[in-house]
């Protein structure tokens, strides 16, 4: 019992429902920041900008360091987001120059340069830390990844499935639905809906074993490869953190398959981290885009770029909503 005058709060260890673990998420993704700094130093980005003595475009930097223009644009944007580079706009073009800190500490010629320390951290220490936790079997790794996705949607899922009113869509298909956490958010927010999780057989088996129980009566499964196998008919298809893995061509291919399977008047909901239209941020999404460059053939995109992909696949009336958290929502409709 609480003493007189004391308020009863949440039980110890139970966060308030409206808390958002911003600091913890920053810690989780801290390695993205480190590797961005490491790569910019190793490529000589700061040295090239110092030698030029005037702001340079991404194309000029990419030529000077011998890197792709696409990768260089993403790297420079992330460095600007980290306040290591200054941005200048001239005739509609973005130019870059070193910040004072970068000029002093990240150029090789500086008497107080950290370049050699950064090089050792990147090539030796960083690789060693990969083995901080012993490597485990692939099945266990997949379960760990699914737990990761489960925790993300437990935090952010409600925001993305309620960014638009999805109550008109009673039959929902979550493509690449993984652990089913987002499906559970849908059935919680919309009591009339049913959700089919479409994923690879091994993922479906793992989800049944570890994540989705008989109590989740309005959630079912459909095994397959969404690029090859028939998609179940639905009113709404959810693609959460799917398109950012793929090129524009592959995205259009997948969205066209979704459009063909979708009921007339139905729709598709994309859940992605949206870049600002001018590419200037948010920093988290700039770092995610670099992560896609390292891991996949995909990229993070702006709302307009996703709208163009949806239009190319036959969807109309495309709208987007920012949630203020990690992931945002883009909704497109199929004409009735």
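Placement of Cβ uses the backbone N, Cα and C atoms for every residue, glycine included.
TrEMBL does not curate its annotations; it predicts them automatically.
Per TrEMBL, the features are:
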- 244: active site, proton acceptor (ACT_SITE)
- 25-107: domain 'O-methyltransferase dimerisation' (DOMAIN)
- 135-315: domain 'O-methyltransferase C-terminal' (DOMAIN)
According to DSSP, how is the domain 'O-methyltransferase dimerisation' (25-107) divided among helix, strand and coil residues?
53 helix, 14 strand, 16 coil
Which residues in the same chain, at least 6 apart in sequence, have a Cβ under 8 Å from the Cβ of residue 244 (active site, proton acceptor)?
272, 273, 288, 292, 296, 298, 299, 300, 301
Where does the mean pLDDT land for the domain 'O-methyltransferase C-terminal' (135-315)?
92
